[in-house]
Amino acid sequence: MRWLSAASSAFAVVLWLSGPPFAIGPLVFIALVPLLAIAEVSPSSSWKRPLYAASLAYWLLSLQGLRYAHPLMFLPWIALSGYLAIYPVLFIALLRRLRLVDNCDVSQARRDRVPLCLVAAVVWVGLEWIRNYFFTGISVLMLGHALADMPMLIQIADLGGTYAVSFVIVCVNVAMFDALNRWVVQRTSSVSDSPMKSLVTAGGLLIATMVYGAMSMNAETEPTGKTIALLGDNELTVYEQDIVREQEIFATYGQMAIDAVAKSNTRIDAVVWPESMFSGGLPWMTTGADLVVPDFMQNPAAAPLQPEQLRFAVESKQNDFLDRANSIQRAMRASSTVPTEAPPAIIGGCGLVQYADRPSQYSGVVWVNATGNMSGTYSKNHLVLFGETIPLVHSLPWIRDIVPPGLGLDRGTQPERFDLDGISLMPNLCIETAVERIPVNHMHQLNSRANPKLPDAIVTLTNDVWFHDSAVVDHHLRCAQLVAVGCRRPILSAANGGPTVWIDSAGRVVERLAKGQSDVIYAQPRRDSRISLYVRIGSWPAGLMGAATLCGLAWMTFEWLMRRRKRSVIA
């Protein structure tokens, strides 16, 4: 039991050291070695409990920044960590089932047929694919993210996303385990292959990864000739925020935008405000053709409010919204030291409200063009579980009564593209870059339209101040780096208390604001004309591994049920 606890702890500690805050990336190539050692223990050993406990500690420590968002987030933080801690246990259980059977001849035949490094990589990537989709999905701390600061090794993400990087890492871990087991420990393993077989397989994959990475990083890109100002500050926000505080935040960012233009030696084409910072107590409102006045707007003591009256009121609010935005634009133009005929466009995180057959509210992005008109909006497609949406909150009154206001947002359904003069941008919001499939699917959908046109860059607006400069902010950044490679597009991130950063299409950080720093980044993204294989076909290769893994889990569950039934019959 002590040996199992030590091995489980070693796995958790090494994996934790490979990522933020220490970020010793190369350690990830040996992080799974203790896990593979656990896979060899006898069936009667109690390996699951210590492994789960160590995995739980790893996730609690890695995601501890979540608890700062709200007192109620302690339970979701623990629940999410408890859920994610299951995956290493499932990995070992599947690996043992696939490589160890009662019939030794069959086991040997299996080992001769498929190298362990490939079996382990398929299982691990399959489990990563499952957690990217199950329970709304989360990509944070995939194995491949540990190499985010080693650009040459992550370029294969444009072939298969972070899954491809994780696949290679697992293969190298198995090769290290086989070599250590055979030549250092000097004993025959019940699950591992000949060390030469795994070393050749993993070495070949690693060399191919490096060659492909070197070639990809030298691909030609061209300047867009455009400058995008990314605002970054650390304005404290709370769930139950009053309108006065929202207006204070708006005023602060408004002054930042004006100062950013004044300090620039080049013409600013657009200024990007972080998530929610452009609302200022006044969301952008629209109405639909099938407009129905909501019941909460009706006053029993007065005449019923008619749809035409509501439409007029919304149009009045739209004028107020644009007047406010135009005042910021006029001030930016007046402060500019560079001659310009038009002010910068504004891309801002802002609440969206639509009145149609029912009222809908979204966390969104607005684009006010250089002429002061509303040119486009984006409604967030992926809501934060427990942060923006809670399962059954509308069905169970006792849940609805204890959660703070604002946790009932609606979900957008499609990507958008903002075609500014000379540059096209695809907006993403909040943690959407931390759920890899969201931006990749958006790119795929844009590429699959009747008149396909991909954006020149992805602009992401986020508010990570909730996490108090913890490692969660760094995890978010690493997700964005891998997304940049997977989509082959620069990522321009404007954040409140988070990663305000300019990332190129090779996943390299060109410029980043330090944690706690209030400043602006003048991003001049380069145009990368490549359309990655990952964007073209999506994650179906990893999906096949996920399907195979699900079949394995289903078969293990079936066998467990049969054993229980057999024991109950005997009893």
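Cβ coordinates come from backbone N, Cα and C, glycine included.
Among the features that Swiss-Prot reports, active site, proton acceptor is placed at Glu275, with the record citing sequence analysis. Around the Cβ of Glu275 (active site, proton acceptor), a 10 Å sphere holds 27 further Cβ atoms from the protein chains shown. For the recorded site, Glu275 (active site, proton acceptor), the DSSP three-state label reads coil.
Positions annotated as active site by Swiss-Prot, on the basis of sequence analysis: Lys380. Lys380 (active site) counts 26 other C-beta atoms within 10 Å of its own C-beta, drawing on all protein chains shown. In the three-state DSSP assignment, the secondary structure recorded for Lys380 (active site) is coil.
Sequence annotations record features per position, and here Swiss-Prot assigns active site, nucleophile to Cys430 based on sequence analysis. Residues within less than 8 Å, Cβ to Cβ, of Cys430 (active site, nucleophile) and separated from it by at least 6 positions along the same chain comprise Glu275, Ser363, Lys380, His382, Val384, Leu461, Thr462, Asn463.
Sequence annotations record features per position, and here Swiss-Prot assigns domain 'CN hydrolase' to 234-527 based on sequence analysis.
According to Swiss-Prot, the feature transmembrane segment maps to 13-33 (among others), an assignment based on sequence analysis.
Same-chain neighbours of the transmembrane segment (51-68): 4-5, 8-9, 11-12, 15-16, 19, 35, 38, 74, 76-78, 80-82, 84-89, 92, 140-141, 466-468, 470-473, 475, counting only residues six or more beyond its ends whose CB sits under 8 Å from a CB of the stretch. Look at Swiss-Prot and you will find 51-68 (among others) tagged as transmembrane segment, backed by sequence analysis.
Annotation source Swiss-Prot lists transmembrane segment at 72-92 (among others).
Annotation comment: Swiss-Prot describes 118-138 (among others) as transmembrane segment, evidence class sequence analysis.
The feature transmembrane segment is assigned by Swiss-Prot to 152-172 (among others), with sequence analysis given as support.
Per Swiss-Prot, the feature transmembrane segment maps to 199-219 (among others); the stated evidence is sequence analysis.
Taken from Swiss-Prot, the feature transmembrane segment applies to 542-562 (among others).
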Cβ pairs under 8 Å between the transmembrane segment (13-33) and the transmembrane segment (152-172), at least three: yes
Chain residues in Cβ proximity to the transmembrane segment (542-562) (below 8 Å; excluding those fewer than six residues from its ends, i.e. six or more beyond): 90, 93-94, 97-98, 122-123, 125-130, 133, 160-161, 163
Intrachain neighbours beyond the transmembrane segment (72-92), with Cβ under 8 angstroms and 6 or more residues off its ends: 11, 35, 38-39, 47-48, 51-52, 55-56, 58-60, 63-64, 66, 120, 123-124, 127, 131, 135, 138, 385-387, 402-404, 553
For the transmembrane segment (118-138), distant same-chain residues with Cβ under 8 A (at least six beyond the ends): 32, 36, 80, 83-84, 87, 90-91, 94-95, 98-99, 162-163, 166-168, 170-171, 173-174, 201, 382-383, 385, 434-437, 539, 542-543, 545-550, 552
Tertiary contacts of the transmembrane segment (199-219) (same chain, 6+ residues out, Cβ under 8 Å): 115, 117-118, 151-156, 158-159, 167-168, 171-172, 174-175, 178-179, 506, 528, 530
